[in-house]
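Only one structure is covered here, and it is reproduced in the block below.
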Amino acid sequence: MSAPNSSDELYPIAVLIDELKHDDVTLRLNAIRRLSTIAQALGEQRTRDELIPFIDESVDDEDEVLTVLAEELGNFTPYVGGPEHAHILLSPLDNLAAVEEPLVRDRAVESLNKIAEVLSPQQIEEYYLPLIARLSSGEWFTSRTSATGLYATVYPRAPEGTREGLRAAYGKLCRDETPMVRRASSTNLAKLITAAGESITNDLLIQEVVPLYMHLASDEQDSVRLLTVDPLIALSEKLGPEAAERELGSEMKAMIEDKSWRVRYMIADRFVTLAASVSASVVKSVLIEAFIRLLSDTEAEVRTAIAGQIPGFAKLVDDSALFVERIIPKIQELVNDGSQHVRAALASQLGGLAPLFGTEATVEHLLPMLQRMLEDDFPDVRLNIIAKLDMVNGVIGIDRLSQSLLPAIVKLAEDKQWRVRLAIIEYIPILAQHFGVQFFDAKLGTLCMSWLGDHVFSIREAATVNLRRLTEVFGIEWATRTIIPQVLAMAAHPNYLYRMTTIFAISTLAPAVDVSVVDQYILPTITQLVEDPIPNIRFNVAKSYEVLIGVLKATEEGRGVIGEKVKPMLEKLEGDKDADVRYFADEDLEEEGSEYIQVQFAVAKENDASWVRIVIVIVIEGHML
């Protein structure tokens, strides 16, 4: 057989290259996504000499195509010959970093940073630093904006003699006349401080970087100022508590009191991180007042953000008495805040204070707030309180919790919002485990059974799971005496949804009980429903038999019940007029047959000697072995 023609092998590659020039955007996109295939076929040398220059000339395209191209080039180092040739990729990415579409520029910057990580110091000095200089001094703001994202990756790896120039160039970008460039400088300043590590000393930070931060923090545009929170935190962490207080203390206070609510929101959203970067004395002397001020802010968004910081800040204060004295009164005001979002944020955090406060302070200060918020009109507030009750329970114990909150919890069990009812259902087994059988039967038993008749399916489904979990807590005997009779009684209800719920409950409960309960209580009810007039009931009966067979086949007694009571009902359902019923009945019979073991005993006499012959016939998927 003759060798394949090389032109035939290269034909698909030629098609791909043609698609890169095609008028159809979809074809060009597909070709860009398969650039690696083209590069592999061309080889490293031709990729460097032909493909990359071609791509460099093709950056005038749709934004969607350019976005994919910028992303692909970041992974192209292996196809151009490895790190020693990776600088070849900088040219097209240089052009892409200057386009108008922000998403394309972002992808180009990500790819440039990825390539910078594999370049040698010589390549960085020869190729990468000139690229940064070009972008930083570009005529259009787009290139200068992209340049701000390149300094953090390259600064620690740049030759020491070039670092001063890099700092000067970044400082110029921080003072750029275009707000978009200053915003990008603010965003990337924290990354630069963090990435620089030991390559920037504290003296350099104070002499050069802190003034840049001060300039950005006092910018006339609030869109710039709000982005200086992360640089403030990065500087504080790098300088250390004492130097941070000395150099940045006034700026912290200024940001907290900023006239723009968006700046105050950003500082509130990162308050704990900022507080962790300063000394304990600053926390108590300065930041407690700041925290109180933000809790009383005129804007609901700011109050919402600071409410999410409450447990974290309480941990940093590390003085529950001081926290209770100064901050709890303001938190109590938020319980009745006019904004439902503020109350919901507070509700999600209050429980986290209990482990910090201890038993007495939790009972005295937190429980009254929890009680009020459990009665809040907004359902998310009630849900958030319920979600954190386990934290409160771990501190004060279930007895005190039940005395204080049980009436409210019982009331919530009938809440008009089904999500609230669902949250209560999921919490019931925990309460049951702590309360014990007598208390549960007296206070919560009727409530649990009432959920089986709820008009929302998710509630009925959760209620059946809840009954199984209660059975696991209190035992089979309790279930047989209390809940199973009530569940089975619903099988005679005239409303078919109640009968359906009975089937679901039986299927859920069966794995938690033993064979005798299934035989004596469950099977008679299921047998009764085999002849239900509603096809959907019979269909679910057939499905439930699969679960029951799984429980029964575990014991010899159960296998006998399968043959005596289950199999005849399945055979009856196999002749049902509904196709779905017949299908599941057939499935169940196959399941039953695959595990059925028949043992036959035969006694014979040979040469006046009695012997027993045991024949074991195992039927697996219809085959006799």
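A Cβ is built for glycine as well, from the same backbone N, Cα and C atoms used for every other residue.
According to TrEMBL:
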type	residues	note
DOMAIN	366-534	domain 'Phosphatase 2A Regulatory Subunit A helical'
REPEAT	12-50	repeat 'HEAT'
REPEAT	89-127	repeat 'HEAT'
REPEAT	209-247	repeat 'HEAT'
REPEAT	287-322	repeat 'HEAT'
REPEAT	327-365	repeat 'HEAT'
REPEAT	366-404	repeat 'HEAT'
REPEAT	405-443	repeat 'HEAT'
REPEAT	522-556	repeat 'HEAT'
Surrounding residues of the repeat 'HEAT' (522-556) on its own chain - C-beta under 8 Å, 6+ positions past either end: 484, 488, 491, 496, 499-500, 502-504, 506-507, 509-511, 513, 515, 562, 565-566, 569-570, 572-573, 576, 578, 580-581, 584-585, 587-588, 591-592, 595
Tertiary contacts of the repeat 'HEAT' (327-365), as residues 6+ beyond its ends and Cβ separation under 8 Å: 288, 291-292, 295-296, 300, 303-305, 307-308, 310-311, 314-315, 317, 320, 372-373, 376-378, 380-385, 387-392, 394-396, 400, 404
Remote residues contacting the repeat 'HEAT' (89-127) - C-beta distance under 8 A, at least 6 residues beyond either end: 52, 55-56, 59, 63, 66-67, 69-71, 73-77, 80, 83, 134-135, 138, 140, 142-143, 145-147, 149-150, 152-154, 157-159, 162
Helix-strand-coil residue split for the repeat 'HEAT' (89-127), DSSP-based: 30 helix, 0 strand, 9 coil
For the repeat 'HEAT' (209-247), the number of residues DSSP places in helix, strand and coil: 34 helix, 0 strand, 5 coil
DSSP helix/strand/coil residue counts for the repeat 'HEAT' (327-365): 33 helix, 0 strand, 6 coil
